[in-house]
Structures are given as C-alpha cells and as structure tokens.
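Quick one: the structure is below, and I'll ask about it shortly.
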Amino acid sequence: MNPYLLATLLFGLGLGTTITFTSSHWLLAWMGLEINTLAIIPLMVQHHHPRAVEATTKYFLVQATAAAMLLFASMTNAWLTGQWDIQQMSHPLPITMITLALALKTGLAPVHAWLPEVLQGLDLTTGLLLSTWQKLAPFALLLQIQPTNSTLLILLGLSSTLVGGWGGLNQTQLRKILAYSSIAHLGWMILILQFSPSLTLLTLLMYFMMTSSTFLTFKLNNSTNINTLATSWAKAPVITTLAPLILLSLGGLPPLTGFVPKWLILQELTKQDLAPTATLVALTALLGLYFYLRLSYAMTLTMSPNNLAGTTPWRLRPSQFTMPIALSTMTTLSLLPLTPAMIALLTQ
C-alpha cells in the first residue's frame, strides 16, 4: 500500500478513536465510531483476496448495524429525557439498547458470530488492529455510561467466557483461536465493569499486551494454522521457546502476567457476593487453557513431517522490526511481581 495512503488511514483510525474518547455528546461519539470503521475498511481489503473482501463486507455490515442501533438508542434517550449527554443516561431502555449495540461492535457473545469469520479472512497485522485498537472506542463509551443493568452485563460476561472457551476447542486456524480468545477476555472485562472500572481498564491493557505479542510471534513465523507451528523450531528457536509462555499467559497461569487480571477479577466478584459467578467464570477459563496448551504442545513437542530429517532450514536475519515483539513479550511474561503496585493504584 502507498505509504501516504497508509499514513492517512492510520491517522483516521487515531482520529476516530480520539473523537469518541473526548466527546460528551452522543452524535460526536457516533461520528468517531464511524470514522474509525471507515478508516480500517481499506486496511482490511488491501490484499484484494476474496476472503479479505468477504471479511470486510461482513465487518462493514455488522458495524453499520451496531452504529444504526447506537444512533437510534441515543435519539430515543434524547426523546425520553431531553438531553444528549453521554454521562447523563438515566432511562433503562436506551441504556440497554446502547449496551447491546456496543456488545455487537466489540464482539461479545451472543452477538459474537461475526468476529471469528472476519478475523480469519484478514492478515495478521490487520487482525492485530481489529483485536486491539478497535476495542478502545466502544469500551470508552461503556465506561462512560456505566450500565446499570447488572443482570445484562453478568449474562453477557458469562456467555462470552463460555463461548470463547468452548468455541476455540475444535479450531485449527490460529486467527479463529485468537478470535475466541478475544471473546473470552472481553467477557472477563464486562463482568467486572460495573464494580471496578479501573480493573476493567487494567485487564484491557494487559489483554492488549498479550494479544500483541501473540500476533507478532505468529507473524514472525508466518504461521496461520496449528500444523505450521511445528516448523517454527528450526526457524526461530528463541521465539518458539517463548511462545508457549505467551500462550499460557493468555490462559492466565501464574507466574505470568495474565494471572494478574483474572485473580483480581475473581477477588472483586467474591467481594461483591457473586461467588457462584466467580466459580462459573473460573471454570470457563479452563476451556481456554486447554486450547492454549494444545498450541503449546504443537509448537514444542511435535515435529513436522520432513523427508530430509537431517537438514536444517536457513536461519536468515528477520526482515521485520523486532522491537515491538521484544517489548510486548517482556511485559506479557514478567509483570506479576508488580501486582501490589497495581492493587495500590486500583484502590486509590
């Protein structure tokens, strides 16, 4: 892609998200979401592959539906209450409609079916953008409206963690597995949103770091399915050694970074007298842990079929910029000792 066009599109992505961040009026927030959607569509379809075109079409239709629902809900709120301020939502009907519209935008279950199919049709770089940056603006709106329907949020969170764990069990495509991982992590964030917004933000940032390192690792190895993971040992032994740790951090195993948000969320749910919910969401995390272990097994304990078992592939210097993967991998694996500082920040 032309670098000037790429810079313009990335600027549009940043502009749309910034407008949504800084707006207090529903029309401006809706406008930021639309700029965001229109800026990422050329990035999704840049390779002109039929699967990319299909994924982009699906994404556009879903985002247009969610945006129309959001605009209709904000107009209903203005009709019922006489004001457009985001933080002054008081009527339960528009709050519920807006929560469902933002759930559709981010890919929460039960309105999640588009996310694995769309992510499967994209390259890994655009998939990384879709899994991380595109979640920021809807979450900013969710944090501002502070939905009061706790039952709806708990149902969305539990169904997302269950679908995210259950849906990834039988997958062989890495992008679909990461899509179901995204759905499960979003469920954890939605569960705790009404009780501790700062903990939701912490979980979102850690999910961004872990997902970025996972996508960048697969991009460095040019891996798109489980079978190609087995060939990565001869090409990049250091990355292949670290990749299972990254995946287990996504699964939430100590002593890795991914354990911190899950631990704090379960602790907060127990404090809110929601021990059954905490038990259910902890059990659904085991489903996700299974397919992370499956990927780790494929990378480290299996070898790909090779007619010339004695030859070693050429290890050329990587042509990609490796600083992002180094930083994201370090944070993904080593932030657990900072947990007391994070707890202190959350309680201020």
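Using the three backbone atoms N, Cα and C, a Cβ is placed for every residue, glycine included.
Values in this document were obtained by computation on a predicted structure and should not be read as measured data.
According to TrEMBL:
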- 23-286: domain 'NADH:quinone oxidoreductase/Mrp antiporter transmembrane' (DOMAIN)
- 57-75: transmembrane segment (TRANSMEM)
- 95-115: transmembrane segment (TRANSMEM)
- 151-170: transmembrane segment (TRANSMEM)
- 177-195: transmembrane segment (TRANSMEM)
- 201-221: transmembrane segment (TRANSMEM)
- 233-254: transmembrane segment (TRANSMEM)
- 274-293: transmembrane segment (TRANSMEM)
- 289-343: domain 'NADH dehydrogenase subunit 2 C-terminal' (DOMAIN)
- 325-346: transmembrane segment (TRANSMEM)
Under a criterion of three or more Cβ pairs within a distance under 8 Å and sequence separation of at least 6, are the transmembrane segment (151-170) and the transmembrane segment (57-75) in contact?
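The answer is no, given that the two segments have fewer than 3 Cβ pairs within the 8 Å cut-off.
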Please indicate, using numbers and ranges, the residues of the same chain that are 6 or more beyond the transmembrane segment (274-293) and have a C-beta under 8 Å from a C-beta there.
154, 157-158, 161-162, 164-166, 168-169, 171, 177, 180-181, 184, 187-188, 191, 247-248, 250-253, 262, 265-266
Can you see whether the transmembrane segment (325-346) and the transmembrane segment (95-115) are touching - at least 3 CB pairs under 8 angstroms, only pairs 6 or more apart in sequence?
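These two stretches do not touch.
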Cβ under 8 Å, sequence separation of at least 6 from the ends of the transmembrane segment (57-75): give me the contacting residues as numbers and ranges.
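For the transmembrane segment (57-75), the nonlocal Cβ contacts are 26-27, 30, 33-34, 37, 41, 44, 84, 94, 97-98, 100-102, 104-105, 114, 117-118, 121, 130.
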By Cβ distance under 8 Å, which residues at least 6 away from the ends of the transmembrane segment (233-254) in the same chain are close to it?
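That would be 181, 185, 210-211, 213-214, 217, 220-221, 261-262, 285, 288-289, 292-293, 295-296, 299-300, 303, 312-313, 315, 318, 325, 329, 332-333, 336.
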In this predicted model, what is the average pLDDT of the domain 'NADH dehydrogenase subunit 2 C-terminal' (289-343)?
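The answer is 76, the mean pLDDT of the model over that range.
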